[in-house]
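Taken straight from TrEMBL:
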type: REPEAT; residues: 82-104; note: repeat 'WD'
type: REPEAT; residues: 107-148; note: repeat 'WD'
type: REPEAT; residues: 191-232; note: repeat 'WD'
type: REPEAT; residues: 233-266; note: repeat 'WD'
Amino acid sequence: MPEYELLVCIPPTSNIVERFFSVARTTYGQERHSLNPITLEMVLFLRQNNVYWTAQTVDEATPMRTPFSSASTFSSSGEWRLLTGGKDGRVRMWRITPSRQTMEASLKEHRGPVSAIQVTQNCTACVSASSDGSCIVWNLETFVRIQAMFASTEFCRVLYHPDESQLLTYGSDRRITYFDAYDGEAIRFLEEAADHEMLAMDIEHSGKLFVTGGRDGMLRLWHYDNGETVAIGRGHIEAINAVKISPDRKKIVTVGSEGAVMIWEMGDLLEQTQG
């Protein structure tokens, strides 16, 4: 079984950007790491021994003091690229080398803060979401807009389906919306999600399931095609701010406002709910 490192990003007020935990050690249904009194905001999986981006302060992570609200990293030709989404609505691309960091492009279409960014698997495009109700797909080679989607909501999260044919979003209207990635049309609204205010979302690699974390501290696992809730996890006492499914599709990691990092066995979660 490959071992992965868990990257937890912490707000700038703590003066620390990341903490690492070994995920492969987990052998039971739920593991809890407490980082009280810190509020946790982001979680990523990194392959062991591959350090993608490290920084001790937000000033180091954003060398030109970009208003920082969302970020994504990817590699190209041995050099790293860092995409940041700013509170000014700009998406910026940075070239990262061991000796310097240079801004390559600044893309301006959003009129509100950028809340989420995701890069395609071939690293030639990305989608950004904003609180102004827009999601924009960008060409990362020509730095022009490919597609735009608009809705009467403040988008909080956007994800590509693993086959990249659809986009999954949620916003302040408490609806999960499926968009066609090619023509930008909304193709489905998941009204069942309206009873819960969601703050975090992730899709597992097969595309069959996705997971959400809510302000009520509940973890919910959903069937992608029929939109039904297939599992519920209870453990956080405050809001879940970030959630991530491990690359091997066996574990789910959640981080919460109370400073807890919880690691769930997906199989046990499904079995307990269905039982």
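Glycine residues also receive a Cβ, built from the backbone N, Cα and C atoms like all the rest.
All annotation found in TrEMBL is predicted automatically rather than curated by experts.
Here the repeat 'WD' (191-232) has Cβ contacts under 8 Å with residues 156-157, 159-163, 168, 170, 173-176, 238-245, 247, 249, 252, 254, 256, 264, 266, 269-270, 272-274 of the same chain, all six or more residues outside its ends. Helix, strand and coil residue tallies for the repeat 'WD' (191-232), in that order: 5 helix, 22 strand, 15 coil [DSSP].
Counted with DSSP, the repeat 'WD' (233-266) comes out as 1 helix, 20 strand, 13 coil.
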